Amino acid sequence: MSKGRAEAAAGAPGILLRYLQEQNRPYSAQDVFGNLQREHGLGKAAVVKALEQLAQQGKIKEKTYGKQKIYFADQDQFDTVSDADLQVLDAKIVALTANVQSLQQSCRHMEAELKELTSAMTTPEMQKEIQELKKECAGYTERLKNIKAATNHVTPEEKEQATELSDAILEGYPKSKKQFFEEVGIETDEDYNVKLPDP
């Protein structure tokens, strides 16, 4: 046995007595060993020996269930709790339980809010999106400006003059209006859909 392990084993009874009194619930030797080995470096044999020693000295109680022994603090050392005290404790438990539920609900709301915030666009991303939209808007504005300034658009007055002219010609033309338009290369709205020119 190493020096550190020997020192831990020597102090095991005090450690185990204090642990059982603080927890005030029954444990097997395996439970105690599993709960304390990491913190105190106690070996399984040292825990079993210390528990048996404490039980023999009457400092803790021991009960056997089949092949397993259970150890717990001597209840005589604790003050008797009255029914009124138990009711007060029960009320505290109810209040604390309600508080825990409220905190859990609040925590869920904050987690949902955090998830929403992390999925939202960042400020730089929003600025980039705004710049792209402004650029696209400027493109449409320029296109509209070009359409309005186009010289190949026919004004209502010009269209009316052309119609009057064509009607005057057709009066002495032996063929149909459609044949006349085909021969001179005039396209009408009925022949083609009017489309705006591309920018």
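Each Cβ is built from the backbone N, Cα and C atoms, and glycine gets one as well.
What TrEMBL says about this one:
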- 86-150: coiled coil (COILED)
- 12-73: domain 'Homologous-pairing protein 2 winged helix' (DOMAIN)
- 144-192: domain 'Leucine zipper with capping helix' (DOMAIN)
Overall pLDDT for the domain 'Leucine zipper with capping helix' (144-192), taken as the rounded mean:
65
Secondary structure content of the domain 'Homologous-pairing protein 2 winged helix' (12-73), with strand meaning DSSP E or B
37 helix, 14 strand, 11 coil
